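Just below is one structure, and these are the notes that go with it.
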Amino acid sequence: MMSTIYRHLSTARPALTKYATNAAVKSTTASSEASTLGALQYALSLDEPSHSWTKSQLKEIYHTPLLELTHAAQLQHRKWHDPTKVQLCTLMNIKSGGCSEDCKYCAQSSRNDTGLKAEKMVKVDEVIKEAEEAKRNGSTRFCLGAAWRDMKGRKSAMKRIQEMVTKVNDMGLETCVTLGMVDQDQAKQLKDAGLTAYNHNIDTSREHYSKVITTRTYDDRLQTIKNVQESGIKACTGGILGLGESEDDHIGFIYTLSNMSPHPESLPINRLVAIKGTPMAEELADPKSKKLQFDEILRTIATARIVMPKAIIRLAAGRYTMKETEQFVCFMAGCNSIFTGKKMLTTMCNGWDEDKAMLAKWGLQPMEAFKYDRS
């Protein structure tokens, strides 16, 4: 089978964009191609990413024998990315706690008894200080997170965040913020400030979503992503693995992302850190609950890399729970970004020195800011 993959890689088929412009005809042609080749070989043969994946195609790829799947993902990664580069991101919590949402996993929800108190938003000078430290340590994207449901009625906060974004950009760092739901006007304000990317995760599959969150719909999340992309900001959207979901939910999660047009610029993969006092931690304490296996993480990453080849795939929260060998295999499966520094909002994060040593051992170097456009 691998010889077939190599053969199709060397004789890549015409890009989908060269087919008929009618969307229905494109979809039919793509389905025919995939049927002839098999989903994995079809994905590897494309000159441009497809945005019309079916769940059956994704399931076929996801359940490819693991060694073959990982190898295919590495082939795809090397086809679309510089395999020696890794994007280093640092995240700062600029407004902690007090969120009105009921996300079962989150320490910052006011509905969860985690002992985390709501705090006011930090000052601009504090952000600049943290961004300078991140830059000294090699990070090229600086991310700001605030525990809010949305930005309604937060005009003064928006002005301060715009100032933060502009000043961090002036330091030569890319900027990303996660502020909850934003409308088109708010997205435009962030774009005008120079924002590089906006993070808004879909968390899981549409089918599993309501078992985790009820105060914000799946379509609410998709609308925010649409608002962001239409404003000209890159979308950073991924999810959390380990929420009691099934492997079909991993496939459904990838299905949503891979059918976006354009695909997310970056795709963070979080491994759940079960926090005491959250409903999710209580559910997972049940011996009968569904526990996430490492091979499921690997399959999710590899499948995402194969069907969203241009995206930056980022190991995010929970990476500190992985052994170095596990992280290494994730990079072999297509990861090319990490969060590094002091903290991931309310959970631990691998430190800069630790990560520098690990990446140097692997022969990886930081991506330069503003010079890695895969759109």
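Using the three backbone atoms N, Cα and C, a Cβ is placed for every residue, glycine included.
Record check: Swiss-Prot places CYS176, CYS236, ARG314 at the [2Fe-2S] cluster site, and the matching candidate among CYS143, CYS349 is CYS143. For CYS143 ([2Fe-2S] cluster binding site), applying a Cβ distance below 8 Å and a minimum sequence separation of six or more within one chain yields CYS89, THR90, LEU91, MET92, THR175, CYS176, VAL177, THR178, ASN199, PHE339. The 10 Å shell around the Cβ of CYS99 ([4Fe-4S] cluster binding site) contains 23 further Cβ atoms across the protein chains shown. Compared over the binding-site residues CYS103, CYS106, CYS176, CYS236, the count of CB atoms lying within 10 A of a residue's CB peaks at CYS236. In this view, ARG314 ([2Fe-2S] cluster binding site) is surrounded by 23 other Cβ atoms within 10 Å of its Cβ, with every protein chain counted. CYS236 ([2Fe-2S] cluster binding site) sits 19 Å from CYS103 ([4Fe-4S] cluster binding site), taking the CA atoms of both as reference points. In this structure, CYS176 ([2Fe-2S] cluster binding site) is part of a beta strand by DSSP.
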